[in-house]
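Novice: The structure under discussion is supplied below as structure tokens; questions concerning it will follow.
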Amino acid sequence: MAKIYKDEDISLEPIKNKTIAILGYGSQGRAWALNLRDSGLNVVVGLERQGDSWRRAIDDGFKPMYTKDAVAIADIIVFLVPDMVQKSLWLNSVKDFMKKGADLVFAHGFNIHFKIIEPPKDSDVYMIAPKSPGPIVRRSYEMGGGVPALVAVYQNVSGEALQKALAIAKGIGCARAGVIESTFKEETETDLFGEQVILVGGIMELIKASFETLVEEGYQPEVAYFETVNELKLIVDLIYEKGLTGMLRAVSDTAKYGGITVGKFIIDKSVRDKMKIVLERIRSGEFAREWIKEYERGMPTVFKELSELEGSTIETVGRKLREMMFRGMKQISSH
């Protein structure tokens, strides 16, 4: 079973007198910077240029610095920019400007696990991966709560890397919910697998296939949309709140029986075998190499798919129905 740490198990002492540089001020960067500061820690914000993020950091009471200047004074350097930006940031603005022995911290293991960034041998390298978007990390902290997180250690030169990772998790509020000890390998591979097989890839293709099947068989697109897209949120919310058995107990007996019997027919052994192929592509680094090439070419596959999807029937119908539903909700809220 996983090792889970709670707020009372963790001390801020290992990072109390450290300067923490948050690189990036987007969704996670802003949440981490504000939460760590509110926890009484010394935070600086490092950015590549003076833009919207720079102005927002100033509005939040920070004095942002250029990345090179921030890492030069930091004891702990936290990468909170997108995965595919981290390599160039590392090479151009961090590697040759950071203090010797400064810690390198990540919120996702991609660049370290696949050796895209190769850290100095004298640095502690660790990860804190909150299991929610940045705005929720911030909002839950302000309400006195927190979101769960994973922590992992890649290099432990000081002998205190785990304690520092846990302290940061406490500082951003995650320990209030619970912090699970993991590894860079486990976090990276499971995160990519989840995105590809269910959260983005799997669910999107299942939605499209079910919608298109109904429309091809003569059902009205608007009705098909409600049944295959709109009602999905109701089911996911039930699973989120009550688990799979709680969801099954909450739906009708007809839905229960149909879902239990037909679900196994749709997601059969052949689908599970494909999932194992996907997992092996991730483990071997094949997906990472493919994605890096795609990114370096300007993401033609991604933009082609987005363009085709945007003009599809499911999206055209969806835009119309969402406008209709939101208009109805606005009318209710105005009364």
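All positions are counted from 1 along the displayed chain.
Each residue, glycine too, has its Cβ placed from N, Cα and C.
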Novice: Swiss-Prot records TYR25, GLY26, SER27, GLN28, ARG49, SER53, ASP83, MET84, VAL85, GLN86 as NADP(+)-binding residues. Which of GLY134, GLY144, GLY145, GLY146 is assigned to the same site?
Specialist: GLY134
Novice: Please identify which of ARG49, HIS108 has the densest Cβ environment, defined as other Cβ atoms within 10 Å, among these recorded positions.
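Specialist: That would be HIS108, with the highest Cβ count within 10 Å.
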Novice: Using DSSP with the three-state reduction, classify GLY134 (NADP(+) binding site) as helix, strand or coil.
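Specialist: Once the DSSP labels are grouped into three classes, GLY134 (NADP(+) binding site) ends up as helix.
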Novice: Do you know which of the binding-site residues SER27, SER252 has the most other C-beta atoms within 10 angstroms of its C-beta?
Specialist: SER27
Novice: To the nearest whole angstrom, state the Cα distance for the pair GLU227 (Mg(2+) 2 binding site) and SER252 (substrate binding site).
Specialist: 15
Novice: What does the DSSP secondary structure composition of the domain 'KARI C-terminal knotted' (183-328) look like, as residue counts for helix, strand and coil?
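Specialist: Going by DSSP assignments, the domain 'KARI C-terminal knotted' (183-328) contains 129 helix, 0 strand, 17 coil.
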